[in-house]
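Below you'll find the structure, written out as structure tokens, and then a few comments.
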Amino acid sequence: MNSTLLKAPTFIHYRPLPPPRNLKPFNPFQYNPQNTNTTSIQTLNISRTSNTPFNTKVYPINNNPESKKFDFQGLIRSGIVMGLLVLGVVRCQKALAMDGLAHKGMVCMNGPKVAQVLRVFREQGVILAALLSLSAFFSMAETSITTLSPWKVRELAEKEGENGVFKLLRTDITRFLTTILIGTTVVNIGATALFTEAATTVFGEAGVSAATAVMTVVVLLLTEITPKSIAVHNATAVARAVVRPVAWLSVVLYPVGRVVTFLSMGMLKILGLKGKSEPSVTEDELKLMLRVAELSGAIEEEEQDMIENVLEIKDTHVKEVMTPLVDVVAVNSNATLVEFHHLWVTHQYSRVPVFEQRIDNIVGVAYAMDLLELIKKGDMLETAVVGEIAHKPAYFVPDSMLVWNLLREFRVRKVHMAVVLNEYGGTVGIVTLEDVVEEIVGEIFDENDSKEEIERKTGNIVKRAEGVFDVDANTSIYQLSEELDIMLPEDHQYETVSGFICEAFGYIPRTGESIKVVLKKANEEDKDDDNEQENDGQDQKDRSQTFKLGILAGNCRKVNTVRFERINNNSAKEIKEAARLMPRFWKKKLKNDENSGSGDILLEESKQ
């Protein structure tokens, strides 16, 4: 073979020989110089400036596109070699110093050789790929298990039975999470250490930086973001696939986890920290899930309301659902059964309280069914009195009793009506089983309910014009706040518009009287103190609404109908005039509310 001696040129360009005919594709891993066709080999002998002769190297020249494509695919199959080489060229230029010899568009390096890179990652690439695969597996397992809520795991476990995978998960979920945590930590550390060792073997100290950059990208992309995204969108399917393998691994890893957990708890005790078990689902979270379920169409709006009512009933008192004594229909114990029959025909109540001497002295309950039985038998209705058929004594409950407890007592005692007493023992109303049930399912009406009865139960708000509302005095203040978009004092002692009006006037107003009040708009966040001081007048105008409250109907004992008229011109003069008309004791109360931070009602006397 001929050789050419060159004197250390800076750049050397070789025109490749034309490819010989019938030449098989060159395989760099099976190359043997002795069996190579001399027509496809060009040998170069390069001398250095020193006295030490440069060894003669043989490089195959082959411009066949197939061989170039094969070399590129070999680097891809090596895993992360391409990324390592790119970063190495950029970050480790000294390590990749070129000798000036080029062949096939590749650089012959004094530092790491391509063959050395391939050899290192051919030996460790399988182990590295296995560790990264395990890391991705643990990430998917952790995300899928934590994404499933405890009640979802319980539901799946009950559907699959005793031999299901979710039964294992429900039995001891801490065991699975501990195993996953230990496994993730071990494989990530192992993969990083293995890759760093390989990089330093090839590139020296510069390989540490390259390994850090490459492993950061690989771990985030291949073992964290991608697998966890898959697990989030397919939590049930992924959890079903990974639970059993994790259960097998827990046999080995969980004992280590117990030791680590014991040491961790010891450190917490030394630091004075103690873990507290919290409920898996709070009431607010449950209500939020109900709203999401209703928006997604999983449940109906009525179903959502019923479930929320059940959650709220445990905080509801009897005085909030009872029928006040002034609206109670009762019968005297000395009344004849004929009078009782007339009363029943008029009101169609199945149970009627029985009183002696005065209506607040209720002694029992008369059943209409008993009256009908006597009529059927033809007994003497004119001579018999209600006291003879009344069920005595009546069941008495305090007005502070919780509705949930009252429902339980109704079931135990098998009664449907109770007399409500205040703290002084005076009768303030009655409560029935229907009142309790309506707190859950909503108002219940039958064919015999009159218009007045329906309005008494539901309240009535009629919009007469823009900003003008006629409100029944029995309407709940919560319904009023929602309809008129206003906020009322939180520490009030009333439940209806009638109570609000009486407190606003300071007495029971008569028909034709009116008063102006300034109420804060609902869902308005309080401004910062600095902004309030700078723009006090403008903020007051924007955040408040002036209403004129006029009494349309009522008597000396009770307000029946009120007109709420919104005054659009909330000028400083209007606000000051409204504040001046307010009763003095209410001004004081509302000013205390404002100073305490509630700010539900705005009063301005000196600021404007």
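Glycine is treated like the rest: Cβ placed from N, Cα and C.
Owing to the predicted nature of the structure, the values given are computational and were not obtained by experimental measurement.
Transmembrane segment is the annotation TrEMBL gives to one range among 96-115, 176-195, 396-415, 416-435, and that range is 176-195.
TrEMBL tags one of the stretches 207-226, 367-386 as transmembrane segment, and that stretch is 207-226.
Helix, strand and coil counts under DSSP for the domain 'CBS' (322-383) come to 24 helix, 16 strand, 22 coil.
According to DSSP, the domain 'CBS' (390-447) comprises 20 helix, 16 strand, 22 coil.
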